[in-house]
């Protein structure tokens, strides 16, 4: 069941304004997804669903899995959230949009963290040839072991 609490009221109003600025209706489902991502970057759809609660079978409240994917698609299309798709992993979603950052992914535990580009404007990598494309985004994921999973080396 999707609920909005008083302590989250300020954030919910900001979410509502952001939705309206992008030409989207401010629905409880859209606000719930945005709230579920606040403080939990790089969440999968399943993690978001667990935070907002799935719709009980036959219930008119809550959000179905398909409804969640529709909301994620709407929010991504409006550039209110960003979808990242690390190879071999489910899509992950974050509120951090419109800046020049990429991601580090741990091969062992699956942790994902943001990493800012060292230099330049987005995209920070220039291909040898653009093959006639107008390139407006680069999605980079560096893979390795996080500090917690990395074996100590002398």
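Cβ coordinates are placed from backbone N, Cα and C, and glycine is handled just like the others.
Here the structure is a predicted model, which means the values were calculated and not measured.
Record features (TrEMBL):
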- 106, 109, 146, 149: Zn(2+) binding site (BINDING)
Number of other Cβ atoms within 10 Å of the Cβ of residue 106 (Zn(2+) binding site) across all protein chains: 17
Entry from the binding-site residues list 109, 146, 149 having the most other CB atoms no farther than 10 A: 146
For the Zn(2+) site built from 106, 109, 146, 149, further residues of that chain with CB within 8 A of the site's CB center: 107, 108, 110, 111, 145, 147, 148, 150
